[in-house]
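Here the structure comes first, spelled out in structure tokens, and everything after it is commentary.
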Amino acid sequence: MSLKSLLKGFKRPKKIEFNTEANTPNYGKFVAEPFERGFATTIGNSLRRTLMSSIEGAAISAIRIEGVNHEFSFIEGVAEDVTRIILNLKQVRIKYEPEEKDQSKIIHLELKGAGYFRAGDLAVDSSIEIMNPDLHIATLNEDANLVMDLEIQRGRGYVPAEEKKKDIEVLGTIPVDSIFSPVQKVVFEVSETRVAQRSDYEKLTLEVWTDGSVSPDDAVAQAAKILKEHLTVFINFEEELEEEDDELDEADEKLKASLSKHVEELELSVRSLNVLRSLEIDFIGDLVKRSEEEMSKSKHYSDQCLQELKVKLSTLGLSFGMRDF
């Protein structure tokens with residue numbers, strides 16, 4: 001059975017509404033409607049759990065301080081003990097995009113004399129961005145000579161220091177509890193909504209707070225993709241294409257298969273997907289029938305989005321304005 005036939009009769013959202021006035025780099029409010037009864041709760045709860053546990057982020061994973069062998073130590077010239085310094089470092093929120101997958105980064109710091117050690121001091125190059133640079137780490141007096149290395153890694157969820165001890169190779173390295181998740185809070189609400197004369201449909205309102213290293217809309221998109229990939233294992237049948245005439249050659253069959261795909265299979269950016277949702281375009285066949293002028297009517301439209309769509313279509317041998325197929 002084709003996807004179109006499978007979804008026939010289901011009321012489902014065509015687009016997501018963004019509260020552009022209230023949204024910030026750390027907060028986003030999203031509204032989707034209508035859903036069949038029960039679906040808004042299912043989707044809202046699934047998104048919330050995935051957002052809180054499975055979005056990748058960066059955190060400090062281990063430290064090494066010159067002259068210190070364990071966390072129950074004191075450093076000459078530093079007001080805070082090592083335990084307090086570690087607790088403060090655990091609160092640092094970091095944006096780090098490695099050049100290679102799973103690549104960690106070592107930050108080397110040398111702080112001498114009186115002053116304050118703040119999170120912003122960790123931004124030693126352009127690959128590191130500290131989201132809370134004013135966070136206090138330690139207070140140094142004129143006798144201080146703090147030399148330390150910090151390891152930054154990417155990961156998911158919460159990883160306790162105990163789990164990292166087996167991977168420590170350098171003497172004096174102290175593992176740190178890592179809170180990788182950039183999502184700090186997620187709240188969803190399900191309420192009734194009306195479609196024509198029926199008021200038993202549902203509206204999903206989703207609010208997301210992040211530390212700023214990932215925008216709320218990107219976090220939601222990542223969570224949705226993670227859920228989608230986990231659900232594909234439960235699809236144990238193939239989408240069947242409509243019966244075709246024997247005279248259709250292989251190229252025609254390939255074209256029809258491409259046109260019947262959902263637009264999400266183009267692997268578009270969040271902004272481009274929002275353009276398609278606002279125009280109620282669900283399938284590639286619907287997309288190629290539109291002209292470039294029609295696409296510009298979306299409030300989410302930009303030249304960059306149009307260029308991305310044109311490139312994605314061209315890889316399938318398609319383009320805008322195709323009406324005769």
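Heads up, the Cβ atoms here are built off N, Cα and C, so glycines get one too.
Per Swiss-Prot, the feature region 'Alpha N-terminal domain (alpha-NTD)' maps to 1-238. As annotated by Swiss-Prot, region 'Alpha C-terminal domain (alpha-CTD)' applies to 254-325.
Sorting each residue of the region 'Alpha C-terminal domain (alpha-CTD)' (254-325) by its DSSP state yields 40 helix, 2 strand, 30 coil. Taking the region 'Alpha N-terminal domain (alpha-NTD)' (1-238) as a whole, pLDDT averages 89 in the prediction.
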